[in-house]
Amino acid sequence: MSLSSTMSFTVGSTARFGPRAGTVILLRAGISLSIDTPAPMVATSRGVIAHLGRDQYKRMPLQCISLPFESFLEASPPIPTLQPNSNNPLHTLLGFTPGHNALVLTLRDPSNSNETPANGNDYVSASTGRGMKKVTPAQWTEYAHACAPDLVVALPDIPWTPPPFSQKRVTKSIERTANWLAKLLAPTPLPLNVLVHMAGGISEPARRAFTDSLTETLYGKEAEAIHPHKCLDDGVVGYVFDLVPLGKAMEASADGARDEQENIVAFLRASLSSARTPKLRIVNSAESPHQILRLIRDVGVDVFDVKWAQDAAQFGVALDFVFPLPKPAAEGNKQRDLGHNLFHTQYAHDFSRFADFLPGCPCLACAPVGAREVILHSAIDAHTPDANGIPPYTRAYVHHLLHTHEMSSHSLLLMHNLAVLDAFFTGVRGVLQGGENFAAHVDRFAAAYDERLTVVHEARTMWKDVDLARGKGRLARERAAGESM
Amino acid sequence: MAQFELLARCPTTRARVSRLTLAHGTTMLPTFMPVATQAAIKGLSPQQVESLGITLILNNTYHLNLRPGTKVLSEAGGAHKFQGWNRNLLTDSGGFQLVSLSKFTTITEEGALFSSPFTGEPTMLTPEESISIQHAIGGDIIMQLDDVVSSLTPDRARVEEAMERSVRWLDRCITHHESSGRKTTQNLFAIVQGGLDFELRERCLTQMIERKDKVAGFAIGGLSGGEEKDIFWRVIRQCAEKLPEDRPRYSMGVGFAEDLLVCVALGVDMADCVFPTRTARFGIALTRRGPVNLRLAKYAQDFMPIDSECPCPTCVEGMSRAMLHHIITRETSAAQGKSNVIFNRSAVHSFTAVTIHNITFQAQLMGGARDAILNGTFPTYLRTFFATYFEDVGYPEWCVNALRSVGVDLLDGSTVKIVSGSGAKWE
């Protein structure tokens, strides 16, 4: 039987909205894991952090890991539920370490915006590598208990059919999400740390109504079903906000009165207007450090996935920004890019390290650590460690790797980008804990760096070109081109 | 100049253990060299490669000359610094890729004429140019430019011409290398050619051995091109027998476990091949019981590591076959196209994990051979390996023949059957 874990969360500020620093403490079979917030959460695909090896997981500052479960539905039963000989089946299967990594289990990949068939009254449609699979709340409860993650997101009813959505559909979404949450909160000897996705779409009244349904005291059978909790909210340790479905719905609605960013803040605030603080607030698919800072400032969000920075590594961008900006900042009129598109030929002869503004970047690309332990293959093998330190990897080298379609490029960039994000969140917490004027720092940051992520978009285009020219299917494409000539 | 010390000889076979000391440290032989074509072992950092106990890797001259080019490499201070690899490095001459990758290569006495893949312009790779490029790369071992013909070429006159030309080009490489001032840090190897013709091989060996004082080692080229295995091993034996004792012998393009051990038994010290790293990307893990195809459904619920006795990080971390099976790209997934990026990315994780394992497997195989030769138990090591690896499918006949020629009879006291052909094991 798997051991469950308990979670506590404390925050420095009791204000409903506004920046706050906090601490999550997870206790799991006597092992405690403390996570200071605001904190980053690393996205996974098919259960792995692409471009990192398991040996690297252990050597990096990875704490929160977001784990979409849907790819495992390809096999029945899903393999995480079969992992033998472990109190931490999910950690064991995926190579994460209890006490070091907090695994947040969710059914669907929150960054995937693909259209999917409608959910039903008693199931969610999930996307796997082998087509769609329906998952019922009962199955989800079973999977969650078998996997024993640190945190689990109750099944949400998020419509993935094309927006806009009728009021009836939104109401249904609210009811289903609350019902399915109640099923996950059913009495059990080993309760889970449950998160709930805040329903209601882009309707503020609907979002408020959903929160009301969480905090409403239940009676009779409904109360028994979630015993010992008095209301659904008592049973959850935090709230999740997925921005991708919000973005899609906003695109489809004609409301042009507020900009998208203002809207998102308003939606999150609507969900939290009657919620009891403090509970952990998690945002999925923020698109930039600017947006992260605003959601910390205006709402008080505690955890953000950093998929956008992982994507930047995939596209060849080495991030290069800091928060707070050093004083005095190198003031200039021109906004700086958030990083360097190493596909660009300007880096072919650039032997400097990835980042200008993080001279002490501790990542394994900027501060490589020589092999401490080396496998010796015969009795006469010996290992003499390098007397001299290993110099940082250079932009020129990664430029070469990107243009030759070498996977190591993404690995080096990802290690770096995650370190940049780690330093960024450390900077955020430092400002909050030091009682400095957070909003002023956010303004300076926003003025200094290009929010449009131009550098990432450029890199993405170049990455696609190289992928077409050198990636999978290249020979077939070349043959086709040759024949059409 | 390279230091080459013989440490032990197998009293039965022609296998030997030696220590090769180059500008970037010591490499124990016999060894297998993983291939880092574009200045990177696919998916791994140099630190990861080093932690696997690898001390000598290969870079491809043809590729590095195209990208990043010698200018960038010179600015970086050589390929070692460019890629952050501080151990030994070998570069090939670029000749093999000219023939295998370019459709338009013409060989003349001057050099190899090919059309540039970037501009389409006619470009000449001469022996001198090859050595100059390899100087810019800065490998600890550099290879002569040779005239490569397929081992399947039926035209004996062409094979003979290529062999004689390779000798002449060796002289030009030697002259160019000696005048460069690079001799103290970079070591030139000759490449024996002559196809599958014992008489041509003999003539090539004689002429190249005459130049022994000017080369640091000898490679056996022109094999591993799809020829009959029963001829392959006979050519290896012929060359290894004749090549001088006090120079390392390098068999090019050899990577299957059984091929490696046969070559070692015949007196070969070094080998390279893309096989273990390339096959990893197809989901094939190498083990003492044969290759394991992790794509097969039978591994979907197998929670054992690839090999629980393997010291590689993938196996030590306990990464299960089931998990590897889960993340290896399935063609059906990629074909759906919609979210192809997601599938490609997670598959990289399995490529890397299996690459780590396969490189370690090759190193364990060769390290085990070194220990056995040192302990005087190499014949037993061979028998144990072949029995474990082939007991279910049968011994390849050519392996039996090859090892018999050096005094080891796999069939002695064995009930394993014999199979003809290459006998290579697959799953």
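Each residue, glycine too, has its Cβ placed from N, Cα and C.
Feature annotation from TrEMBL assigns domain 'tRNA-guanine(15) transglycosylase-like' to B:13-390. As annotated by TrEMBL, substrate binding site applies to B:Asp92, B:Ser93, B:Gly94, B:Gly95, B:Phe96, B:Asp146, B:Gln193, B:Gly222. Summarising the annotation, TrEMBL assigns region 'RNA binding' to B:253-259, B:277-281. Residues or ranges marked as Zn(2+) binding site by TrEMBL: B:Cys310, B:Cys312, B:Cys315, B:His357.
Here the features listed in TrEMBL are painted onto the structure.
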{"residue": "B:Asp92", "record": "substrate binding site", "Cβ within 10 Å": "30"}
{"residue": "B:Ser93", "record": "substrate binding site", "Cβ within 10 Å": "29"}
{"residue": "B:Gly95", "record": "substrate binding site", "Cβ within 10 Å": "27"}
{"residue": "B:Phe96", "record": "substrate binding site", "Cβ within 10 Å": "22"}
{"residue": "B:Asp146", "record": "substrate binding site", "Cβ within 10 Å": "28"}
{"residue": "B:Gln193", "record": "substrate binding site", "Cβ within 10 Å": "28"}
{"residue": "B:Cys310", "record": "Zn(2+) binding site", "Cβ within 10 Å": "21"}
{"residue": "B:Cys312", "record": "Zn(2+) binding site", "Cβ within 10 Å": "27"}
{"residue": "B:Cys315", "record": "Zn(2+) binding site", "Cβ within 10 Å": "22"}
{"residue": "B:His357", "record": "Zn(2+) binding site", "Cβ within 10 Å": "27"}
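Checking the binding-site residues B:Gly94, B:Phe96, B:Gly222, B:Cys312, B:His357 against chain A with a Cβ-Cβ cut-off under 8 Å leaves B:Cys312, in sequence order. Across the residues annotated as binding substrate (B:Asp92, B:Ser93, B:Gly94, B:Gly95, B:Phe96, B:Asp146, B:Gln193, B:Gly222), the widest Cα-Cα separation comes to 16 Å.
Each residue contributes its Cα atom, and for B:Ser93 (substrate binding site) and B:Cys315 (Zn(2+) binding site) those atoms are 36 Å apart. Taking all protein chains in view, 32 other C-beta atoms sit within 10 angstroms of the C-beta of B:Gly222 (substrate binding site). Closest by Cα distance to B:His357 (Zn(2+) binding site), from the binding-site residues B:Asp92, B:Gly95, B:Gly222, is B:Asp92.
Taking the C-alpha atom of B:Asp92 (substrate binding site) as reference, the shortest distance to any of the binding-site residues B:Cys310, B:Cys312, B:Cys315 belongs to B:Cys312. Taking CA atoms as the reference points, B:Gln193 (substrate binding site) and B:Cys312 (Zn(2+) binding site) are 37 Å apart.
Across all of the region 'RNA binding' (B:253-259), the predicted model scores a mean pLDDT of 97.
Candidates B:Cys310, B:Cys312, B:Cys315 (binding-site residues) were compared with B:Gly222 (substrate binding site); none lies inside 10 Å Cα-Cα.
Across the fold, the C-alpha of B:Asp146 (substrate binding site) and the C-alpha of B:Cys310 (Zn(2+) binding site) stand 38 Å from each other. Take the Cα of B:Phe96 (substrate binding site) and measure to each of the binding-site residues B:Cys310, B:Cys312, B:Cys315: the nearest one is B:Cys312. Separation of the C-alpha atoms of B:Gly95 (substrate binding site) and B:Cys312 (Zn(2+) binding site): 34 Å, rounded to the nearest whole number. There are 23 other Cβ atoms within 10 Å of the Cβ belonging to B:Gly94 (substrate binding site). A helical conformation is recorded for B:Phe96 (substrate binding site) in the three-state DSSP classification.
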